[in-house]
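Peer 1: OK, TrEMBL features for this one:
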| type | residues | note |
| --- | --- | --- |
| TRANSMEM | 6-27 | transmembrane segment |
| TRANSMEM | 39-57 | transmembrane segment |
| TRANSMEM | 77-97 | transmembrane segment |
| TRANSMEM | 122-140 | transmembrane segment |
| TRANSMEM | 160-180 | transmembrane segment |
| TRANSMEM | 187-210 | transmembrane segment |
| TRANSMEM | 264-288 | transmembrane segment |
| TRANSMEM | 308-333 | transmembrane segment |
| TRANSMEM | 354-376 | transmembrane segment |
| TRANSMEM | 382-404 | transmembrane segment |
| TRANSMEM | 411-427 | transmembrane segment |
| TRANSMEM | 439-458 | transmembrane segment |
Amino acid sequence: MAVESDMTLLYIVAAYLVVMLGVGVWAYGKTNTAEDFMVAGRSLGAVIIAGTLLATWMGSGTVTGGANSVAYGNGLWPAIILGTGSLLGIGVLKALAPRIRAFNKLTVPEMIEEELGKEGRIISLLVIAFAYVGIVSYQFTGLGYVLNVTTGIPVTQGTLIGTAIIIALAAMGGLMSVAYTDAISAFLMLVGLVVAVPFVLIEAGGWSGVTANVPATHLDALGNLSFFEFFALWAPPLLLILADQNMYQRIIAGETDDGTNTGLIAWFGGAVATMTLVPLIAFASRAMFPELDPGMALIATTTEIPTWIGGILLAAATAFIVTTGSSYLLSACTNLSQDLYRGLINPDASDQQVFWLTRAFVVVLGIFAFVLGQYFPTILEIQMYSYTAYGAAITPPLLAIFLMRERLTKIGGLAGMIAGAVLAVSWDTVLGSPYGLDAVIIAAPVAGVLIVLVSYLTSTLSSPSPTRA
């Protein structure tokens, strides 16, 4: 069965985008300071916290990469099990939330600087900007897939249009606009998935029809993946979420501790539902469209089910893609304006200077992300590359700050950061994946071990930082 574009679906998606841009215009009028732009003035309630966390985490990486691509290309069960890494990470973030909020910082590099000095801040802001630009790039591609299905235009042209939409939304109101559009998007996505699953399964011939038309290995516990291949897909999302600046900024943006805690619990529940329903739809898509690009699996099903249901599901997928792209683009730009410009270049910069510079960076980095996305063959590949770079260089030292306390030394933290970053970038591309192992299997553990070992060896040379003294 071939995928045929359906212009009717475009009307539903367009209506959603008009609503989102309307929210962006509303937020533009409420955004006056850098804190408003970066953490929504720390004013978000439980419902908005839950929605923005769910929508930000479940972006194109879920509906076109991650669980979607794995369910289509490798099997149902590995796709569902893949989600357990994220659920584990959400549990850890809930436990750390009070301490994250107590840090009273706007960015992860600011947190790292407290313990590891300006060197740590510089390394972390560069790694985060690099990783987030990669993540943003495949959000653009995901929206290109949506426009391809609805209009028939080439994916590259659709990606260019998607780039303009995401940049516009991020530049308008910062986190104030992104958080509220996230909440709308999360609700729409959950409704769309729940309603669509039975119709997709019926269209695919029922469960028996699906299982009869997919490779036999797709029903095995790990599908057609080896343990190490599966682990290389499972670990990067866990490592990213544990230190993801986007998640930290949303936790900080909560108005109260209780409201933030409630939002985190609701996020967990929404993630369980999403990480189960998306693989089911993508798995059924394999039976319906056996020759697709895996990234198109869920999106393609919207053309074969009743239009109003397909429109809801496609608008929901668009919702996650647009809001995640806006969130990660905004977060990367925050690092450049808050950490690089105000933190290192011009400490006396006014709030308005930082505010407008952040908006300018949104446009510049957005264009760069589009260009970068043209050089990776699949969404899943750039997704894992970005996650691994972040998870190996940022997650180990940030967790060490929270967990090691006075046992962490500056030298130990920096050694782990540098080793993690170098291995994440060079293991596959320069060294050619020695022993057939993926970078994530090596880079993050080496970074963690170095942090602990070097901190132990240098503990007598370092005195506690002000935050630990």
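Positions of Cβ are set from backbone N, Cα and C atoms, glycine also.
Explain the structural surroundings of these features, please.
Peer 2: Taking Cβ pairs closer than 8 Å, the transmembrane segment (77-97) reaches residues 57, 66-68, 70-71, 219-223, 225, 230, 233-235, 237-238, 240-242, 247, 251, 257, 260-261, 264-265, 267-268, 271-272, 275-276, 278-279, 282-283, 402 in its own chain, all 6 or more past its ends.
For the transmembrane segment (122-140), same-chain residues at least 6 beyond its ends with a Cβ under 8 Å from one of its own Cβ atoms are 59-61, 64-65, 107-109, 112, 159, 162-163, 166, 240, 245, 321-322, 324-325, 328-329, 331-332, 335-336, 339-340, 344, 365-366, 368-370, 372-373, 376, 379, 382-383, 385-387, 389-390, 393-394, 397, 414, 417-418, 421.
If one looks beyond the transmembrane segment (308-333) by at least 6 residues along the same chain, the residues whose Cβ comes under 8 Å of a Cβ in the stretch are 6, 8-9, 11-13, 15-17, 20, 37-38, 52, 55-64, 128-129, 132-133, 135-136, 139-140, 142-143, 146, 149-150, 162, 165-167, 169-170, 174-175, 177-178, 181-182, 184-186, 188-193, 195-196, 199, 245-246, 249, 281, 298-299, 301-302, 358-359, 361-362, 365-366, 369.
Remote same-chain partners of the transmembrane segment (354-376), defined as residues 6 or more beyond its termini with a Cβ less than 8 Å from a stretch Cβ, comprise 32-34, 37-38, 129, 133-134, 136-138, 140-141, 156, 159-160, 163, 166-167, 170-171, 174, 329-330, 332-334, 336-338, 341-342, 382, 385.
Sequence-distant contacts of the transmembrane segment (382-404), counting only residues of its own chain at least 6 positions beyond either end whose CB sits under 8 Å from a CB of the stretch, comprise 61, 65-66, 96, 99, 108, 111-112, 114-116, 120, 123-124, 127-128, 130-132, 134-135, 137-138, 232-233, 235-240, 242-244, 372-373, 376, 412-414, 416-417, 420-421, 423-425, 428, 438-440, 443-444, 447-448, 451-452, 455.
Long-range neighbours of the transmembrane segment (439-458) within the same chain, counting only residues 6 or more positions beyond its ends whose Cβ lies under 8 Å from a Cβ of the stretch, are 228, 231-232, 235-236, 239, 384, 387-388, 391-393, 395-397, 400, 404, 407-409, 411-413, 415-417, 419-420, 423-424, 427-428, 433.
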Peer 1: State the residues, same chain only, that lie 6 or more residues beyond the ends of the transmembrane segment (411-427) and have a CB under 8 A from a CB inside it; answer 'none' if no residue qualifies.
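Peer 2: Distant contacts of the transmembrane segment (411-427): 112, 115-116, 119-120, 123-124, 127, 388-389, 391-394, 396-397, 400-401, 433-434, 438-440, 442-444, 446-448, 450-458, 461-462.
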Peer 1: Can you name the far-off residues of the same chain, 6+ from the ends of the transmembrane segment (264-288), with a Cβ under 8 Å from a Cβ of it?
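Peer 2: Long-range Cβ neighbours of the transmembrane segment (264-288): 1, 46-47, 49-50, 53-54, 57-58, 62-63, 67-73, 75-76, 79-80, 82-83, 86-87, 90-91, 93-94, 97, 186, 189-190, 193-194, 196-197, 200-201, 203-205, 209-210, 212-214, 218, 251, 294, 297-298, 300-301, 304, 313.
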